[in-house]
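Copied over from Swiss-Prot:
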type     : residues : note
TOPO_DOM : 1-16     : topological domain 'Extracellular'
TRANSMEM : 17-37    : transmembrane segment
TOPO_DOM : 38-104   : topological domain 'Cytoplasmic'
TRANSMEM : 105-125  : transmembrane segment
TOPO_DOM : 126-296  : topological domain 'Extracellular'
CARBOHYD : Asn135   : N-linked glycosylation site
CARBOHYD : Asn145   : N-linked glycosylation site
CARBOHYD : Asn198   : N-linked glycosylation site
CARBOHYD : Asn232   : N-linked glycosylation site
CARBOHYD : Asn253   : N-linked glycosylation site
TRANSMEM : 297-317  : transmembrane segment
TOPO_DOM : 318-410  : topological domain 'Cytoplasmic'
TRANSMEM : 411-431  : transmembrane segment
TOPO_DOM : 432-608  : topological domain 'Extracellular'
CARBOHYD : Asn474   : N-linked glycosylation site
CARBOHYD : Asn496   : N-linked glycosylation site
TRANSMEM : 609-629  : transmembrane segment
TOPO_DOM : 630-643  : topological domain 'Cytoplasmic'
Amino acid sequence: MYATQPYLELRERLSQIWINRYTLLLMLCMVKILLFTSSLRFSLNNSKVHVLEECSNIEHYYNILRNGTPHYMGKMGNYLVAHALEATVESLLALLTSLATVVEVVAHFMIELWLGTYACLLFSAAHGAVEVATNVTEKVIGVANKTLIAAANELDNGLDGLSKVLNKIIETGTKVSHLFKDDDEEHASPEGQFKKINLTIASLRTVKIPESVNDKLRSLAEKTPDFEDVKNKTKGLVSIPFQTLKNEINGINATSMLKNRKLMSVPPIDMGDAADGVCSANRDGIESVYRNLNSALIYSLVATAVSLAIVALLCLIPAAWHEYRQWERLSALRDHERTVDCKDPFADTHSSASASTASSTRCDVIQNYQGVFHRAPTLIGEWVARHTAHTQEGALRIQWLLAYVLSPRALVPLALGLAGVLVCGCQFLIIHALRIQLASTSTRDSLQRLETDTAGLVAHDLSRWADSTNAYINGTEASVNAGLLGWVTTATTALNTTVAALLADIDSTVDRAFADTPLHRPMVTVVSCVIGNKLRAIEAGLTWTHDHVRIALPRIHTARLRDAVAEPDLPTHPAYTAVLQSLSDRLRHSVDRVLHQCCAAVRIELYVSLALLGLWILQTPLGLAMLLFKSHCRRRNLRRRVP
């Protein structure tokens with residue numbers, strides 16, 4: 001009954017039903033739920049610690065939201081109000097300057113309309129008379145000089161022959177006189193008299209009316225007073241008070257006219273301690289919430305674990321029944337094989353030797369089944385027994401022990417344990433790689449940039465807001481100028497075109513009527529005095545109106561707005577400085593805490609895998625204990641049989 005076989009019998013099989021696949025699956029589910037619960041508790045504890053530790057920061061940001069928003073809105077509003085008032089004063093000063101310019105131009109126009117017209121006509125008449133006289137005198141002098149020179153030339157040519165005859169007579173008389181007179185009487189000779197008459201006739205060729213008369217007339221024409229001189233002098237006298245007024249207006253500083261911006265109230269930022277804030281005042285309530293969550297988590301874990309344990313115990317019943325049915329079938333097969341009489345047709349049926357030989361060569365069917373369907377454990381057991389056992393009984397014990405340790409049920413925790421150890425090793429490698437990356441230079445640089453980019457992001461957002469607001473102001477200004485003042489541009493452009501065409505027509509008409517005549521310039525002057533100057537003044541006024549009549553709305557300057565909102569003299573709060581300085585440390589600590597949590601979870605998984613390996617290793621002492629128990633029972637039975 002207690003003989004050792006190289007395979008497992010029913011009791012030995014039933015000793016391993018607790019490591020069936022269903023029980024192991026439920027045990028793994030329990031471990032998974034335990035890991036999940038542990039992770040959840042760790043997360044809740046981290047959340048609790050984080051919330052309680054960051055109460056001061058929460059209160060700080062809450063104070064910024066509660067008190068900082070009115071503060072910065074007040075500063076921005078004060079800047080916008082001051083900027084709007086400054087722009088209003090500048091617009092008013094520009095309007096006063098424009099009004100002074102308009103009044104000055106109107107005064108110039110009235111002077112030119114009433115006084116300038118008569119003065120222009122008077123001086124134009126004088127200038128025209130002088131110019132006509134100058135032109136006539138030039139022509140008369142030219143004709144007279146030309147005629148006198150021609151007559152002198154003809155007279156000189158007629159007397160040329162007489163001069164030659166007289167010269168010969170004079171030469172003859174000179175020679176005769178030298179014979180009868182001495183040298184002292186030479187000057188009273190007829191020769192000298194004839195020479196003087198000849199000289200007076202020759203000088204007629206150079207007689208002409210002097211051109212200095214034309215020069216004097218031209219000088220008189222150039223010295224004739226001009227309308228432009230009088231007009232410019234009059235405008236200069238009239239412009240003096242207006243220019244003084246405009247200089248005084250331009251010298252006014254719009255900013256200095258405004259009151260000090262510090263007089264406008266700005267709500268202060270409460271940078272005090274946050275001990276009496278919302279978070280700190282409800283610290284007990286926060287802890288109570290986390291205690292309730294942990295209690296609910298523990299109750300859920302206990303209920304789930306008990307339920308799974310009960311189901312795992314219930315799974316032992318079908319496993320035991322399956323092993324029992326399997327053993328019954330194997331036993332029936334073995335009994336059937338033993339009862340079959342396999343006789344040799346050539347052997348002696350009455351020979352006892354033949355029966356003894358058949359009995360000794362008969363094999364165990366269960367052992368054959370074990371060798372066929374569990375080949376690896378059988379071969380390993382036979383190989384180990386062949387190299388270590390010295391007796392048949394020892395070989396059977398070794399084969400049985402290896403069959404027990406390497407049974408299909410015992411191999412399940414072995415496979416799960418080895419797979420778990422491999423997976424845990426891979427997870428530890430991944431966590432180690434993440435820790436190396438966390439401590440790398442690139443991560444530190446990224447965290448430092450995260451700390452220093454806050455001011456840049458705020459400035460960028462403020463610049464984007466200013467740009468969008470200025471774009472809206474530009475569109476509104478263009479719409480107002482086009483909708484309300486567009487008719488001014490259209491009207492001034494049309495009137496300027498009409499005035500320019502009228503001036504061109506007047507000039508062309510005067511040119512056609514008086515071109516190449518002495519009256520051309522006087523008529524041009526008269527027309528300019530009566531009509532042209534007025535039209536040109538109107539054209540200049542329309543051009544000025546076209547260029548200056550428009551609405552210019554004030555723009556928002558990003559740099560000024562940033563300077564107005566910023567507070568360089570505000571004392572830095574230690575809590576705020578600590579928040580900025582510890583930002584990278586808190587991020588690094590948070591990531592390291594997550595990695596630590598993952599490492600703890602992987603460590604638990606490794607312990608579970610090692611526990612599964614321990615379950616498989618536990619089969620060895622259990623098998624040895626069962627072998628010892630069977631040997632003890634066999635020896636006790638032998639002692640009972642001995643009389």
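In case you wondered, yes, glycine gets a Cβ from its N, Cα and C as well.
One residue stands out among the glycosylation sites Asn253, Asn474, Asn496 for having the most other Cβ atoms within 10 Å of its Cβ: Asn496. Helix first, then strand, then coil: DSSP counts for the topological domain 'Cytoplasmic' (38-104) stand at 66 helix, 0 strand, 1 coil.
By the count of Cβ pairs under 8 Å, the stretch nearest in packing to the transmembrane segment (297-317) among 17-37, 411-431, 609-629 is 17-37. Cβ neighbours within 10 Å of Asn232 (N-linked glycosylation site), excluding its own Cβ and spanning all shown chains: 11.
Note: the CA-CA distance between Asn474 (N-linked glycosylation site) and Asn232 (N-linked glycosylation site) rounds to 41 Å. A distance of 32 Å separates the Cα atom of Asn253 (N-linked glycosylation site) from that of Asn232 (N-linked glycosylation site). Across the structure, Asn496 (N-linked glycosylation site) and Asn232 (N-linked glycosylation site) are spaced 24 Å apart at their Cα atoms. A coil conformation is recorded for Asn253 (N-linked glycosylation site) in the three-state DSSP classification, outside any helix or strand. Taking the topological domain 'Cytoplasmic' (38-104) as a whole, pLDDT averages 74 in the prediction. DSSP assigns Asn474 (N-linked glycosylation site) to a helix.
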